[in-house]
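What TrEMBL records for 1-71 is region 'Disordered'. Look at TrEMBL and you will find 1-10 tagged as compositional bias 'Polar residues'. The compositional bias 'Basic residues' feature in TrEMBL is assigned to 19-30. Residues or ranges marked as repeat 'PPR' by TrEMBL: 183-217, 218-252, 288-322, 323-357, 358-392, 393-427, 532-566, 771-805, 806-840, 841-875, 911-945, 946-980 (among others). Taken from TrEMBL, the feature domain 'PROP1-like PPR' covers 261-408.
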Amino acid sequence: MESLKWSSVVSPGLPCKPSYKKPSKTKQRIQVRSSSRVQPDPWSLSDGNDPTKPKPRSKNPKNPLSDDNARRIIKGKAQYLSVLRRNQGPRAMTPKWIKRTPEQMVKYLQDDRNGHLYGRHVVAAIKAVRAMDENVNVRLVMSSFVAKLSFRDMCVVLKEQKSWRQAANFFAWMKLQLSYRPSVIVYTILLRIYGQVGKIKLAEQTFLEMLEAGCEPDEVACGTMLCTYARWGRHKAMLTFYSAVQERGIIPSTAVFNFMLSSLHKKSFHGMVIDLWRQMVDKGVVRNSFTYTVVISSLVKEGLHEEALKTFYEMKNTGFAPEEVTYSQLISLSTKNGKWDEALKLYEDMKCQGIVPSNYTCASLLTLYYKKEDYSKALSLFSEMEKYKIAADEVIYGLLIRIYGKLGLYEDAQKMFEETEQLGILGDEKTYLAMAQVHLNYGNVGRALNVIGVMKSRNIWFSRFAYIVLLQCNVMKEDLGPAEVAFQALSKTGLPDAGSCNDMLNLYIKLDLTEKAKAFIGQIRKYQFDFDHELYKTVMKVYCNQGMLIAAKQLTEEMGKNGSFKDNKFIQTFSITMHGEYIDHEQNGDKLVASSKLDSMALGMMLNLYLIDGNFSKMEEILKLLLETAGGSSVVSQVISNFIRKGDISKVKILYNQLMKLGCRLEDEVIASLISLYGKQQRLEEAQDVFKLVVDSSRPGKLILKSIIDAYAKCGKAEEAYSVYKEATTKGQDLDAVAISILVNMLTNCGKHEESQIVVRKSFQDSLDLDTVAYNTFIKAMLGAGKLHFAASIYERMLSLGVPSTIQTYNTMISVYGRSRKLDKALEMFNTARSLGCPLDEKAYMNLISFYGKAGKTKEASLLFSEMQEEGINPGLVSYNIMINVYAAAGLYNEAEKLFRVMQRDGFSPDSFTYLSLIQAYTKSLKYSEAEETINSMQKQGIPPSCSHFNHLLSAFSQAGLITEAKRVFKELLMAGLSPDLACYRTMLKGYMDYGCVEEGIDFFEQVRESIKQDKFILSAAVHLYKYAGKELEAKNILDFMSSLRIPFLNNLEVGLKIKPL
């Protein structure tokens, strides 16, 4: 046992220290001579004549030694062994040296130890005992040592044993020897051996045997036993034994106390550590640096901030230098307790001591700066870490991700997260969730869910907080199913927090799931969830919107009993107004004071509640009080706006009329919304009434003018809308760009192109601030009116004013230039849109392709169609129809057929226009049978053919002179149940004329005469046919009829024009 000192313990069985005697003159001096040729080593004796090593002078000269350098040898080797012992730690087996008298030194040199610690017979005994087997008789082995070993020698042999069995056997033999005397020293040695190998029961038996032998245990023996219990974690037994030691009045040494404190600390029995520490202080036991370090750590773990700091400063005042871990723990505790100034003071003290902080300390400081929102210092600390090469762990990376997120450095946070993963230290859910929250704060719900998905795929345990973040992601995504699953998982970890309940309830409200919201509120009320201010506000919102007055009162009463909400203005407003306490304030004439104490939002919700409940008297009282509250009028407007959004016009009328009685005027935005609602519901008269009230009381603003024009537009009243516009402009009022756009669009759709043009020109004259939508509307209106030059000038004006163009602008301008037959300009518009990075859509491509087709540029149209597909734009049914029509117009029936099959392969079913183009392609190529088969095919597909489909075939047969076939097709048209249109009549009559079928032509005219309209071609053709047949009277009658109706006669028609001369 290390704490056992032979020099400080005297046992009755040991010889006393010999008294000092002068060496007699008859005694021979041992002389050791050194050769002049050999350099003496530090441990050799000198002859005293070495001038380099003079004998040192001493203040208290000692008696002469047998050799003048013997003391130097002893001291030198003692220091060497002391250093060796320190380097080996507490289990060092090197002996401590003792001082000897000159006589003892002479005896030591004459002995057979030969410079060793023990004599030869002791060493031999030690080796003999160590070599014993379990089955060997110890008496036989030790027989040669009987009466040769003194009690002290036997103690040495016992102490040097490494096996507890050999030590036990030797101790049994030792007790049989005559020189043995029961002593606390020998029992302490044995206790130490048993303690080192964990033989607790044997140690306890040995201690009892010591007591039975009449040996009173001393501080060393008791300390050895306490250390044994502490070493092997027998803390209950240790504390029981310590109590017994206290009863005997024995105070263990500092080393023993440290051993016990350390053992308890390792097992996290911090409360016991603190109790033992306080007893140590009470008994006045000297504390060292290790003691303070362990105790401060336990105080920190127990959260005893003040006592930990007091102990820390006591440690410093005592002269001990705290370690980095002590500073780190105190900084962490101060940060957790909100003692930020104390934490920073400790950090500054730590830097003054020259101690480099660990990554744990840096993590605590980063947490402090994060809570203080002092992000600049946090980043500065991270730079210091890089300077001192302090390796950042996952906790620090997680904190930096949060800090970058707070600073809006989204990319830096993402980079830090990726770096954490690359370093292979990404494994804590907190780091994943920190990154997920950063994504969530920036609205990247998908990325946040991806991070949580990666976390789940790596089997990282989901904590309660993880489910909360997952719920927030799904709520923001408005994904109900996964949100409910996340909430159920959160519920399994305990009652969900108020914030999560609020998120879930808000999701139900957003998705308009009122019944689910009410059922959810019932559940959280049933299981008595803890309400906070926000959850109460959301629940009351549901109650007020559904008119649940009784439930609202019950919840308000419960919240009022909670003392933590006594100063909450929102909750107190509900509590006061529901019990009518505000009336007392009015009676005292302190009405303004009462209203100043109320929350306008809460009053607005109560107004909504009483209105739905039908309690109009209470509603009127709340309304009056609300109008006297700061910001109350805005809240009333918001309530009305909510009813307008829901389309509940009855509630809107009640509030509106009540406000009119009180002489209050709504905000323009609310009035505009009300007029728009009336317009949407086709209740134009009521919209006009509201508008008239505004006009009579004040000058209507732009929002109100826009809303009434929009209401007229929805009801198809273009003239009334134009009248409002003229009246407003006459009074010098300007409409905004949206109102002008609505008006111009309505006038164009109603065919009032002249008025539309007047509005556009007036807007330019008044230099109105027009946006892109307005200019697009103007260009489209002029395109519809056929004012192509004016449309182009509007675009030029738009460019000169720097108004940005959109894809709609370019599409419209392609149509303008295409209809103007300026294909080069249309192509320029297309290329301009592409060069400016404007994403070209399918409509832009097909618009230009259509004009290419009309201009006969089939090749250019086909190349542009292929280019569109190469750009990743897949054509739709309309695009296929346009391209087939381009091929059809050019008579390219093969290309039309191929594209028709491609369209069907892409999953598009042909419509009537598709078949019309295909019939046109066949008739252009004189493929009459294929054209007829196409008509039959579309009929089989359930698509009824129109007159246009038959007319293509009629025209082809007529032009080819196949009048009989044309007559057959015309009959099929009639059999299909169709009424021929004017084009079909013209085609048939033209065929009769061109090929000289006069009688058939006259018969056809007389058959259809009653069905046709006053068409100049048909009537002129009939006149020519009658004249050709010599029927002048019939021809004259038709001419007189045309003249009376001012229908011009076509003289250039000729009968038999296409008959080939013989």
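Glycine residues also receive a Cβ, built from the backbone N, Cα and C atoms like all the rest.
Note that this is a predicted model, so its numbers are computed, not measured.
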DSSP tally for the repeat 'PPR' (393-427), helix/strand/coil in that order, comes to 26 helix, 0 strand, 9 coil
In terms of Cβ proximity under 8 Å, which residues at least six beyond the ends of the repeat 'PPR' (288-322) contact it? 254, 257-258, 261-262, 264-265, 268, 270-271, 273-274, 277, 280, 329-330, 332-334, 337, 339, 342, 353
Here the mean pLDDT of the repeat 'PPR' (218-252) is 92
Based on DSSP, tally up the residues of the repeat 'PPR' (532-566) by helix, strand and coil. 30 helix, 0 strand, 5 coil
Where else in the chain does the repeat 'PPR' (806-840) make close Cβ contacts, counting only residues six or more beyond its ends and a cut-off under 8 Å? 772, 775-776, 779-780, 783, 788-789, 791-792, 795, 798, 847-848, 850-852, 854-855, 857, 871, 873
State the residues, same chain only, that lie 6 or more residues beyond the ends of the repeat 'PPR' (218-252) and have a CB under 8 A from a CB inside it; answer 'none' if no residue qualifies. 1, 3-4, 9, 184, 187-188, 191-192, 194-195, 198, 200, 203, 207, 210, 259-260, 262-264, 267, 269, 272, 283, 285
Within-chain partners of the repeat 'PPR' (946-980) [C-beta distance under 8 Å, separation at least 6 from its ends]: 912, 915-916, 919-920, 923-924, 926, 928, 931-932, 935, 938-939, 987-988, 990-992, 994-995, 997, 1000, 1008, 1011, 1058
Pull the DSSP breakdown for the repeat 'PPR' (323-357) and write it out as helix, strand, coil residue counts. 26 helix, 0 strand, 9 coil
What does the DSSP secondary structure composition of the repeat 'PPR' (218-252) look like, as residue counts for helix, strand and coil? 26 helix, 0 strand, 9 coil
